[in-house]
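For 1-72, the entry in Swiss-Prot reads region 'Disordered'. Residues or ranges marked as phosphoserine by Swiss-Prot on the basis of a large-scale study or a structure entry: Ser52, Ser57. Feature annotation from Swiss-Prot assigns phosphothreonine to Thr61; the stated evidence is similarity to another entry. Annotated N6-acetyllysine per Swiss-Prot: Lys89, Lys334, in sequence order, evidence recorded as similarity to another entry. According to Swiss-Prot, the feature domain 'FAD-binding PCMH-type' maps to 189-371. Summarising the annotation, Swiss-Prot assigns FAD binding site to 221-227, 290-296, 303-306, 355-361. Annotation source Swiss-Prot lists active site, proton donor/acceptor at Tyr565, citing similarity to another entry. Here Swiss-Prot flags 641-645 as region 'Important for enzyme activity'.
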Amino acid sequence: MAEAAAGEAGASERDPDAGRARRRLRVLSGHLLGRPQEAPSTNECKARRAASAAGASPAATPAAPESGTIPKKRQEVMKWNGWGYNDSKFLLNKKGQVELTGKRYPLSGLVLPTLRDWIQNTLGVSLEHKTTSKTSINPSEAPPSIVNEDFLQELKEARISYSQEADDRVFRAHGHCLHEIFLLREGMFERIPDIVVWPTCHDDVVKIVNLACKYNLCIIPIGGGTSVSYGLMCPADETRTIISLDTSQMNRILWVDENNLTAHVEAGITGQDLERQLKESGYCTGHEPDSLEFSTVGGWISTRASGMKKNIYGNIEDLVVHMKMVTPRGVIEKSSQGPRMSTGPDIHHFIMGSEGTLGVITEATIKIRPTPEYQKYGSVAFPNFEQGVACLREIAKQRCAPASIRLMDNQQFQFGHALKPQVSSIFTSFLDGLKKFYITKFKGFDPNQISVATLLFEGDREKVLQHEKQVYDIAAKFGGLAAGEDNGQRGYLLTYVIAYIRDLGLEYYVIGESFETSAPWDRVIDLCRNVKERIRRECKERGVQFAPLSTCRVTQTYDAGACIYFYFAFNYRGISDPLTVFEHTEAAAREEILANGGSLSHHHGVGKIRKQWLKESISDVGFGMLKSVKEYVDPSNIFGNRNLL
């Protein structure tokens, strides 16, 4: 098995001359095909490892040079028991008002004067009662690291950086599901990785997989760590050594091909680093999931991710031209970077959505576009959610959707309004009041029924303005009123700070989560209504004293349907086992989604949290096909995170 996994890189190690000949042929063929020359990865890996080990004693763990957003010691920059950066959090200031700390976001340092009242009134929260939680990881509470000494010795000889420290291992034992974060604050996981390894390139990954096969170890890959499907949780009964293979140091753009508008990147690069570096050359991918700051290209591929601007740029399956994955059987990749092939079932679709069960994605070629010259925000207020959905359906039918369009139901609109920062200008405050008066009094909109769509247009300026008029004309036919560019822009600026709200809630006995689905257009309204009602009913039956927050928004539109996001939260004071209540309610909501014609997931993936419904979602035969692929590619279950199957 280990020999099979070695692939071309392993053969090169055994026969250096043959390896050099193969690399020369590959480079030569690349020239003949007009493709960008790829630097010989093996030599580059050796150079990086040599640099990382300079000054280190042979017995020491090599300390590789770092770059990119995510350092090896993630806990130095990011929260170990919550979302995002250490310096950014919502808190109550000395005046009892909510503000966001730090300087990273447009909302940072600003006061949100109405959010406190909204939290109290909506969820029955008493701000005099705070929860207690651990302030740091206690190494003595972490399960001990058990690692084969022969494996460690070979890892050192390969000069691959690693750690067995408790804080490094705990940080990579989880994603960001409510259960995981709650457990971090209150206790400890039953099982965590035994060792964290940091490959710096494709060939390092090949060596790690070879060693795992040789010693029968379990590998769980991790990119940005933003999973919301229990995808990173270690199986409690796994007796083998668990390796957390952290791709964060594989974070380079290897080349940009301006003729074919593609970029070849390492899979550990984060979305924000990728977009920032491409922008320096005048390009972008346009792929912007809400987790853009921390999620990685490899993570996008392995979960079949979607970005908010998919209407222009496509989902991840539309963006990927080529990819490389290391498996226990060897390396999977196509021989051509052609834009489309008719060569049987597309092997890319075995890799996309595989969620770390087959191997490690190491590199990918993705489409890029010139950075748009013009960008404009907008918003539309509708009398109710139903008319808003009808408008979005018509926009999709006419295929004129802007880069992004999101429709909030009334409760989410109210929540968004509560996140509005304090206005310093009397004139601005007066204008806001005038707009509200016009919509509610003059136009007769009920404040408790209003639904709002936020819009983002981008591209050529003249075309954007034409496109904008077309969308607003359609909206008017469904009772929609233009609600201003500022409201639209604020809606999108909140994208990257919403996740921080949950951490504030946890301090005051509020637990919550978001989940998503996709559904045909004719099921959207019924599905939204029934799922929200099911959440309220389940909470009441399970002893939740205050009505839960149960809200939704339509976030993506397609010819044949839409993606819907749900948010729910409740005050758990007085409940002895809040996690059980929460998980039963979330499972009931998923059952309701499936009963109403929704999908198991649109882009979060299956992981372990939704795997119980996978067989009924894809049929017995489809499930058997997935199992057969797994059994062939990974017969010893080296990639043993137990997602999907």
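Backbone N, Cα and C define each Cβ position, glycine as well.
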Using a 10 Å radius around its CB, how many other CB atoms surround Thr357 (FAD binding site)? 22
Modified residues: Lys89, Lys334 - member with fewest neighbouring CB atoms within 10 Å: Lys334
DSSP says what for the region 'Important for enzyme activity' (641-645): how many helix, strand, coil residues? 0 helix, 0 strand, 5 coil
Name the one residue among Pro221, Ser291, Ile361, Tyr565 whose Cα is closest in three-dimensional space to that of Lys334 (N6-acetyllysine); these are the recorded positions. Ile361
Can you tell me the CA-to-CA distance separating Ala305 (FAD binding site) and Lys89 (N6-acetyllysine), as a whole number of Å? 26
Let me know the model's mean pLDDT on the region 'Important for enzyme activity' (641-645). 98
If you count Cβ atoms within 10 Å of the Cβ of Tyr565 (active site, proton donor/acceptor), leaving out that atom itself, what do you get? 20
Look up Thr357 (FAD binding site) in the DSSP assignment and reduce it to helix, strand or coil. coil
Which one of these binding-site residues has the most other Cβ atoms within 10 Å of its own Cβ: Pro221, Gly225? Pro221
Cβ contacts within 10 Å for Ser295 (FAD binding site), all chains included, total 22
